[in-house]
C-alpha cells in the first residue's frame, strides 16, 4: 500500500492548492500564492503530512517546463525583439546590484561571534556566493501572475520575460566564475563557450523545426492533437539538450521552444491545450513543491536578524537594480517599477545554486535556512506586489490617462450645462421681475 501513497499525496496537493487558491483570490491575491501556502502547510514546515518524493520532484520539473513553454507560446516575438537590448541592460544591472548587496550582508554576519560558517573555503568566496544566490530570478512565479492578471503580453511583461531569461544566463556565468575560483577543475572559458553554443544550437534547431512544423501542419490539417504532441516533443528535446550538453537551465530551453512554436499558425491551439494541462495538474504541483522544500532549522536571534535583512536586501536590490536598468533604457517610471517588482522572486534556481554551493563548500548549513526563507518569502510577496503595482500604476498608462481625460471632459460638459441653465434662469427672472432683490426691483421701476 505504501507504493500507492503518491496518489493520496497528489490528491491532497491538488485539492489544497485549488481551495487555497480560491481563498487567496477572494482577498484580491493571486491564486499562485495559495498554491505556495498549500505546500508550506502540508510540508515539513507545518503539518508534515507530505514530503517531497522523487515523483513530486519530477512532476514539479515537468510543471515548470510546461509553464515556461506556455509563456513562450504566448509571447509576442516582435515585441520581444524590440525589448531585447533593454532586457539585457535590465538583467545586467539587476544581477550586479543584488550580487553586491548579498556580499556585504554576508560579510557582516559571516564572522566569529555572529554566524561563522567554519568552512575552509576563503571567507570572501563564501560571501560572494551569497550574492550569487540573490542574482537568480524565478520567472515562473511572475509568468503565472502576469497570465492571471492578463499582462503577460505587454511592454512591461515582455521586458520582464526577456530580462529574466538573460538573468538566468548571467546567473549561470556568475555561478561558474565563483565555483571555478573554488574548484579549479571548472573552466570559465569553456562554460561561456557552451552558453554561446547553446543559443547557436537553439537558433539552428528552431529554424529547421519551424520549417518542418509548418509543412507538417499544412499536410495534416485534421491532426491537431498530433501537432500538440510534436510541439511538446520539441520542447522536451530542447530542454534536455540545454541542461545536458550546454549547462543552461532547462526552463530557458523550454521558453525558446515556445517562442519557436509561437511563430506558427497553430500557436493558439497548442497554447490552449498546454494551459489546460498546466492548470489542471502540473502548475499546482510545481508551486506546492516550493513550499514542501521548506524545513527550517532552529534559529537564534542572529540567524533571524540575518534572514530578515537578507530578505529585505533581496527585494530592494532587485527593484533598484532592474528598475534602474529600465530607466536607463528610457522606460517610464511606472513601467520601471513594474519591471523591478516582476524580477523580485527567487525560486528553484536559487535553491539549485545553493545546493551546488553546499556541495563545493561555499555555503554552510547555517546559511541554508535563511536562503530558503528568501526563496519562500520573495515567492509569496512577488505576486502580491506585482498585482498591486500594476493596479496602482494603471492611471499612468495611455489607457488610464485617456480614461481620466474622458472623465474630465464629462465633468466639464456637466459644468457648462449647469452654468447655461443658471444663466437662462437668471435672465427669465430678470425679465419677469420675480426673484430679484428689492433694490434691483426699485432701480428697474425708477428707470
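Glycine residues also receive a Cβ, built from the backbone N, Cα and C atoms like all the rest.
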### Query
Given 109-127, 128-146, 337-355, which one carries TrEMBL's transmembrane segment label?
128-146
### Message
If you look at how TrEMBL annotates this chain, which of 56-74, 246-264 comes out as transmembrane segment?
### Response
246-264
### Annotated range (TrEMBL: transmembrane segment) out of 158-182, 408-432
158-182
### Query
What else in the chain is close to the transmembrane segment (158-182), if you only count residues 6 or more beyond its ends and a Cβ gap under 8 Å?
71, 75-76, 79-80, 82-84, 86-88, 90-92, 94-95, 99, 121, 125, 128-129, 132, 135-137, 139, 142-143, 146, 152, 188, 191-192, 195, 247-249, 251-252, 255, 322, 325-326, 331, 335, 338-339, 342-343, 349, 353, 356-357, 360-362
#### Entry: Closest-packing stretch to the transmembrane segment (366-386), where packing means Cβ pairs under 8 Å, from 31-50, 88-108, 128-146
128-146
### Message
Let me spell it out: take the transmembrane segment (31-50), skip the flanking residues so only those 6+ beyond its ends count, and list any with a Cβ under 8 Å from a Cβ in it.
### Response
9, 12-13, 16-17, 19-25, 56, 141, 144-145, 148, 283-284, 287-296, 376, 379-380, 383-384
### Query
List, by number or range, the same-chain residues at least 6 past the transmembrane segment (246-264) whose CB is under 8 A from its CB atoms?
61, 64-66, 68-77, 80, 139-140, 161, 165, 168-169, 172, 191, 194-195, 197-198, 201-202, 206, 209-210, 213-214, 217, 231, 234-235, 238-240, 270-271, 349
